[in-house]
Amino acid sequence: MSLGSDDLQTSLLQHATPDVTLRRSGSCAVAEWITSVKARLRSSKNLRSKLIALVILVVVTVILIMYTCLSCGGGTQCAGICSFSSLKPMKLKADDEVTCNSTEKAFIGKNPAKRLPQAIIFGVRKAGTRALLEFLGLHPDIVVNVVEQHFFSNDVNYSKGLEYYREQMSASYEQQITIEKTPKYFIDIMAPERIYRMNHSVKLILILRDPVVRLVSAYAQLVAKNKENNITYPPLEEMVLDENGDVNLDYKLVQVSVYYKHIIHWLEFFDLHQIHIVDGDKLITDPYYEIYEAEKFLGVGHKIQRDIFFFNKTKGFYCVRQCTSSTSPPCLGETKGRQHPPVDKKLVEKLRNFFEDKNEKFFQLIHRSFNWTTLIV
């Protein structure tokens, strides 16, 4: 005997009421209920009745699954139904955080918490660490700590312990990666071992520029800072050359650019595959490619799109294209992209000759080379 339209709907709804038995049996009860409804559908010869019944079947099935999951509390009987933990974080639009490439950072899930960083940008100063951090911070699965902590390079800070360090981090969700940036770690003798003790599997990011260009950039920063205090900083040639006219290796800006002497200490504790090297010179000319490679290294999806970057002719470097509702600055501050002072060509040549063999040692250690002989200072 076939069921009429009204009788079939009434019958289906009567079987659709979840009860305690269904909550206990979990997915088995849902499967039995669906089998029962399918049998009733097969017994119906009326096409209209079948269509109505099918709609009811879909709606009630969804309701049953949601009800079962919320009631079972994630127990073993919910396996296959309540797999919320395997779902990717959902993104919601936030009024104060909407960018043109839709990298919003609102998530549904547990409350955010402060966590130790899973990745650290550890150098090099004046190579583009701030730009790299800002660009990576656009990713919805990455939370950056904008304040340099100097935790592993400062004995006083380090003595406060990891709990103090954790409290300095920005809050993040479980699905997100926290990144801290302190360029001084690269040249600090104690930082590699201290970071290793915190997390031997931490991901490390090192951004580099042509050693000569980096040196001149650091010098330009010192000149600007001293000028703010009405202090005239000595000419570059006086600082980088000693009394005999040779490159002064005691000058700190020169020391920092001798990359191989610093990376040796890091390779004593970390495998090379844990260190991702960003080409700071290419970050200036093609930021998308370098950010794409960094996303790959960090194991996050490629969500920072090429069209978010645009070249700012006034600044002289790439900025981020954002919607009008965004509160984040589209470009780095005035202290970034500072104009370099003119440098004598003979001094540039002397510096390049000085760094040549040292660069080669560095290339051998990292199994990679850079074209650092043709860049304009």
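Just so you know, glycine gets a Cβ as well, placed from its N, Cα and C.
Where the annotation comes from TrEMBL, it is an automatic prediction and has not been curated.
What TrEMBL records for this protein:
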| type | residues | note |
| --- | --- | --- |
| ACT_SITE | K126 | active site, for sulfotransferase activity |
| BINDING | K126, A127, G128, T129, R130, R209, S217, Y318, K336, G337, R338, Q339, H340 | 3'-phosphoadenylyl sulfate binding site |
| DISULFID | C319-C331 | disulfide bond |
| DOMAIN | 117-364 | domain 'Sulfotransferase' |
| TRANSMEM | 51-68 | transmembrane segment |
### Query
In angstrom units, rounded to an integer, how far apart are the Cα atoms of the residue listed as 'active site, for sulfotransferase activity' and S217 (3'-phosphoadenylyl sulfate binding site)?
6
### Query
Given the recorded positions K126, R130, and counting only Cβ atoms in the protein chains shown, which has the most within 10 Å of its Cβ?
K126
#### Entry: Whole-number Å value for how far C319 (disulfide bond) lies from S217 (3'-phosphoadenylyl sulfate binding site) (Cα to Cα)
19
### S217 (3'-phosphoadenylyl sulfate binding site): tally of other CB atoms within 10 A of its CB
21
### Task
Pick the one among the recorded positions G128, C319 whose Cβ has the fewest other Cβ atoms within 10 Å in this structure.
C319
### Query
In angstrom units, rounded to an integer, how far apart are the Cα atoms of C319 (disulfide bond) and R130 (3'-phosphoadenylyl sulfate binding site)?
12
